[in-house]
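Everything below concerns the one structure shown next.
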Amino acid sequence: MAILQKHGKNSSPDLVCLKEKTTDKTGVAGGHQKKPLARVWTVVLLLGTCLLYCARVAMPICAVSMAEKFNWTKRDQGMVLGSFFWGYCFTQVLGGYVSDRVGGEKVLLLSAAAWGAMTAFTPVLAHFCSQPIFSMTLARFLMGLLQGVHYPSLASLCSQKVVESERGFLMSTVGSGSYLGTLVIGGAGSLMLDLYGWESVFYVSGMLSVLWAYCISELPLSRSLFASLSLSLSLSFSLALSVCLFVPGPIITLESLGSGGPQSKLSRRHWLRLFKQPAVCAVIITHLCTASTFFTLLSWLPTYFKDTFPDAKGWVFNVIPWFVSIPSSLFSGCLSDHLISKGYDTAAVRKLMQFFSMGVSSVFTLLLCGTTTFPLAVAFVSVTMGLTTFSHSGVSVNVQDLAPSCAGALFGVMNTCGAFSGVLMVYFSGYLIEATGSWASVFALITVVNLVGLVTFLAFAEARRVDIDSSKEDLRLLFLFL
């Protein structure tokens with residue numbers, strides 16, 4: 001992965017593109033030296049995203065067993081599953097803003113320590129609380145708070161340190177970790193669920209996440225602080241939150257990606273001008289639709305298969321769709337970067353990827369509305385989830401095209417909207433299932449939301465920078481070449 005020289009603390013964000021171009025031409029040797037390390041950290045971030053989803057999907061995997069144990073209705077399930085996204089809403093913008101200022105790598109690893117410990121602590125809350133529905137709703141809300149910073153931090157990291165022609169592959173590779181994580185927890189989690197009970201799923205996924213964050217910390221001081229953080233989280237969430245807020249100095253360094261982070265210095269006036277851009281609004285709306293439909297499928301698919309095909313093996317429908325999604329995500333990233341490197345318009349490539357993600361996938365979602373067999377249902381869901389991954393090379397990376405100087409914060413805004421709509425759709429889907437007794441209404445709703453997002457993106461999406469004044473940029477370019 002091509003790593004670019006960062007602009008200094010006193011540099012204007014408006015100069016990012018100029019410095020990217022300069023570094024790309026003059027810093028070839030340095031770039032080649034950093035590529036092996038960059039690839040290593042790409043794998044590390046892929047693994048981190050994988051574990052993120054192992055912890056996130058633990059609840060949907062165990063929801064049926066927990067509902068039987070604690071006598072939950074479908075509405076209760078919807079409330080527990082949807083509460084994650086309430087917490088997910090609140091830390092998106094904050095996570096992106098902090099990542100733009102101090103570096104996304106620090107935010108990523110500290111948050112991983114927190115949500116990993118919270119996942120391992122979840123069964124304790126369920127058993128020792130007199131009202132499990134309340135404790136699980138609270139636990140999922142806290143999980144949402146802690147995991148909400150992950151993707152804005154990734155967007156900030158990628159926008160500042162990866163060239164445009166390689167962002168699609170990076171985001172699709174790291175993004176495929178979500179499907180790898182769902183695949184792993186779907187297969188191994190289903191076996192652990194049958195053999196050792198639902199508690200084991202939370203214990204294993206949580207402790208592996210904590211172990212990942214611990215192994216990435218590089219300095220002895222970092223390790224001691226990290227150990228203190230993990231212990232505090234296990235004893236008390238509030239105490240751990242205080243530790244995260246008041247630990248002095250930099251905790252984690254990723255030397256292969258450069259030390260320190262870029263600073264976002266856009267004023268309120270610039271932000272207002274940014275949100276008046278049709279392309280920015282289109283990205284937000286499209287991501288809202290993409291995220292809400294994905295979260296709905298992620299939350300309810302295990303229950304759909306259990307209800308519709310009660311004799312089916314959990315490891316089959318919890319594994320195959322996500323197994324298909326991994327190569328699909330990688331293929332979409334390679335395809336988009338290849339098309340851009342061949343001279344195709346970046347905006348056209350982003351739109352093409354999003355058409356496959358939201359348009360073609362909706363056809364197979366609609367096919368689930370009819371009466372079908374178990375193999376066909378698994379096939380339709382697999383194709384749907386595989387095509388959905390194309391959004392990693394569409395709307396997800398388009399925010400970095402539009403506003404690289406504040407991509408983390410802007411992605412946080414997008415994910416906040418997506419998480420909020422995810423809350424509503426996950427809960428409303430549970431209401432529809434209980435009211436109509438049919439899953440067809442849920443799949444029809446997903447299709448309609450997808451089409452709304454697709455039409456918006458095709459009509460208004462662009463790939464030019466909108467976070468800078470074009471007249472000022474023209475003057476800088478003229479000055480540079482003179």
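For all residues, glycine too, the Cβ spot is worked out from N, Cα and C.
The feature transmembrane segment, as given by TrEMBL for the ranges 320-340, 383-403, sits at 320-340. Here the transmembrane segment (320-340) has Cβ contacts under 8 Å with residues 164-173, 175-176, 179-180, 182-183, 186, 301, 346, 349-350, 352-353, 356, 378, 381-390, 392-394, 397 of the same chain, all six or more residues outside its ends.
Note on the transmembrane segment (169-193): residues 1, 42, 45-54, 56-58, 61-62, 65, 154, 158, 162, 200-201, 204-205, 298, 313-315, 317-319, 322-323, 325-326, 329-330, 332-334, 336-337, 385, 389, 392-393, 396-397 of its chain, located 6 or more positions outside it, place their CB under 8 angstroms from a CB of the stretch. The stretch in closest packing with the transmembrane segment (407-433), judged by the count of Cβ pairs under 8 Å and taken from 40-66, 279-300, 439-461, is 279-300. The listed stretches are 40-66, 78-95, 352-368, 439-461; of these, 439-461 has the most Cβ pairs under 8 Å to the transmembrane segment (279-300). Nonlocal intrachain contacts for the transmembrane segment (439-461), taken as residues 6+ away from its ends with a CB within less than 8 angstroms of a stretch CB, comprise 278-279, 281-283, 285-290, 292-293, 296-297, 300, 304, 307-308, 347, 350-351, 354-355, 358-359, 361-362, 365-366, 368-370, 394-395, 398, 425, 428-429, 432-433. Counting only same-chain residues 6+ beyond the ends of the transmembrane segment (352-368), those with a CB under 8 A from a CB of the stretch are 168, 286, 289-290, 332, 335-336, 339, 376-377, 380-381, 383-384, 387-391, 393-395, 439-440, 443-444, 446-447, 450-451, 453-454, 457-458, 461.
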